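Some features that Swiss-Prot has for this protein:
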{"type": "TRANSMEM", "residues": "6-26", "note": "transmembrane segment"}
{"type": "TRANSMEM", "residues": "31-51", "note": "transmembrane segment"}
{"type": "TRANSMEM", "residues": "56-76", "note": "transmembrane segment"}
{"type": "TRANSMEM", "residues": "86-106", "note": "transmembrane segment"}
{"type": "TRANSMEM", "residues": "113-133", "note": "transmembrane segment"}
{"type": "TRANSMEM", "residues": "176-196", "note": "transmembrane segment"}
{"type": "TRANSMEM", "residues": "269-289", "note": "transmembrane segment"}
{"type": "TRANSMEM", "residues": "294-314", "note": "transmembrane segment"}
{"type": "TRANSMEM", "residues": "321-341", "note": "transmembrane segment"}
{"type": "TRANSMEM", "residues": "357-377", "note": "transmembrane segment"}
Amino acid sequence: MELHHPELTYAAIVALAAVLCGGMMTRLKQPAVVGYILAGVVLGPSGFGLVSNRDAVATLAEFGVLMLLFVIGMKLDIIRFLEVWKTAIFTTVLQIAGSVGTALLLRHGLGWSLGLAVVLGCAVAVSSTAVVIKVLESSDELDTPVGRTTLGILIAQDMAVVPMMLVLESFETKALLPADMARVVLSVLFLVLLFWWLSKRRIDLPITARLSRDSDLATLSTLAWCFGTAAISGVLDLSPAYGAFLGGVVLGNSAQRDMLLKRAQPIGSVLLMVFFLSIGLLLDFKFIWKNLGTVLTLLAMVTLFKTALNVTALRLARQDWPSAFLAGVALAQIGEFSFLLAETGKAVKLISAQETKLVVAVTVLSLVLSPFWLFTMRRMHRVAAVHVHSFRDLVTRLYGDEARAFARTARRARVLVRRGSWRDDPNAGPGSGI
């Protein structure tokens with residue numbers, strides 16, 4: 001059957017797939033963003049091939065990145081961040097230095113190019129704000145001391161993404177020129193000064209007070225501010241993402257913050273869905289299957305390495321062991337901004353298309369497995385205080401409750417199937433199926 005409005009039909013299919021996959025992940029107590037990635041996989045070349053041209057959603061996905069950083073900036077409570085800023089900055093610097101340094105050391109033994117080592121090191125250093133917040137919210141730990149420390153580190157990492165992008169872009173000239181270095185230093189310095197200034201006062205924007213009376217204009221003005229600050233940043237030869245984040249920070253410390261955030265979030269959620277869906281379109285199962293050993297080995301190395309690095313950095317920051325362990329495990333995945341770093345590396349020819357697929361594959365799998373990893377390590381931390389007699393005893397203590405629940409569900413399903421077969425077969429009796 002010929003489609004008279006194929007664009008509208010595809011948009012409806014994309015929205016339906018995102019709702020179904022996002023709802024399914026939420027039902028399984030997983031972050032909805034994992035479902036959006038799954039929707040992209042199902043609709044993309046690795047699935048049914050309904051969306052074979054990723055360029056069609058690339059522009060909206062870029063807007064999604066800007067909105068994500070803008071909303072993060074709006075939600076940022078500078079006063080609370082300043083309470084943990086020393087731990088957050090110290091830990092983030094160690095994470096970036098440790099990740100990039102380790103990748104550079106491993107590149108000779110593993111045959112990586114210099115570009116892949118740099119991009120992978122930067123990508124591994126960043127954790128997922130969306131996933132970690134969702135996991136901590138589900139366990140009522142977001143507003144605890146360890147939750148606030150973890151959130152502070154996530155914010156510091158998000159702020160570090162922009163300088164890392166600027167550094168990667170400078171590789172296009174084969175060297176970090178003084179002008180590029182000055183650009184990075186000035187952007188970080190301006191951000192620090194803005195934080196210091198905003199921590200002393202709350203801004204009252206007269207125009208937003210007037211716009212608050214009209215919900216449509218308030219929404220439009222918020223979007224205009226987001227994309228306007230991003231555009232100005234781009235004109236100044238800085239990253240548009242940097243401008244969007246700064247714009248969010250300014251509005252987030254205004255008297256009209258709650259109203260503007262409420263207006264911006266629905267559109268931001270849609271654009272964010274498109275961003276994660278576009279990531280799913282990038283996932284190539286043929287590539288993963290062909291390089292399964294490499295992908296799984298790198299995934300295991302990254303997860304274990306990040307956990308150890310995070311815990312070590314937090315202990316050096318004088319966090320107690322339980323807090324360092326929980327925060328370190330929660331931050332063990334690779335974050336959504338790693339895709340942006342990988343695309344930046346690809347754009348400046350630091351990494352090839354195949355190497356980009358490797359970064360994307362490891363990042364997606366890391367995001368999907370992150371809640372399970374936190375769940376497992378949390379249980380192992382408890383089990384460590386108990387004497388374990390065997391590997392079977394360890395598995396029972398880790399997953400015994402889930403295994404028993406699964407067994408009960410399986411028994412009930414068997415009973416229902418047998419009852420159904422008795423109804424279908426008039427000669428069958430209650431005892432015939434047992």
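Backbone N, Cα and C define each Cβ position, glycine as well.
Most Cβ pairs under 8 A with the transmembrane segment (269-289) among the ranges 56-76, 113-133, 321-341 are made by 56-76. When Cβ-Cβ distances below 8 Å are used as the criterion, the transmembrane segment (113-133) is approached by residues 31, 33-34, 72, 92, 95-96, 98-104, 106-107, 142, 150-151, 153-155, 157-158, 160-161, 164, 167-168, 171, 272, 302, 305-306, 330-338, 341-342, 345, 349-351, 355, 358-359, 363, 367, 370-371 of the same chain, each at least six residues removed from its ends. Contact count against the transmembrane segment (31-51) (Cβ pairs under 8 Å) is highest for 357-377, out of 86-106, 176-196, 294-314, 321-341, 357-377. Looking at which of 6-26, 176-196, 294-314 has the most CB pairs under 8 Å to the transmembrane segment (357-377), the answer is the stretch 294-314. Residues 112, 114, 117-118, 120-122, 124-125, 149, 152-153, 155-157, 160, 164, 305-306, 309-310, 312-314, 316-319 of the same chain lie 6 or more positions beyond the ends of the transmembrane segment (86-106) yet place their CB under 8 Å from a CB of it. Non-local neighbours of the transmembrane segment (6-26) in the same chain are 32-36, 38-39, 42-43, 50-51, 57, 273, 277; each lies 6+ residues outside the stretch with a CB under 8 Å from one of its CB atoms. Nonlocal intrachain contacts for the transmembrane segment (294-314), taken as residues 6+ away from its ends with a CB within less than 8 angstroms of a stretch CB, comprise 87, 90-91, 94-95, 98-99, 102, 124, 127, 149, 288, 323-325, 327-329, 331-334, 358, 361-362, 365-366, 369, 373, 377.
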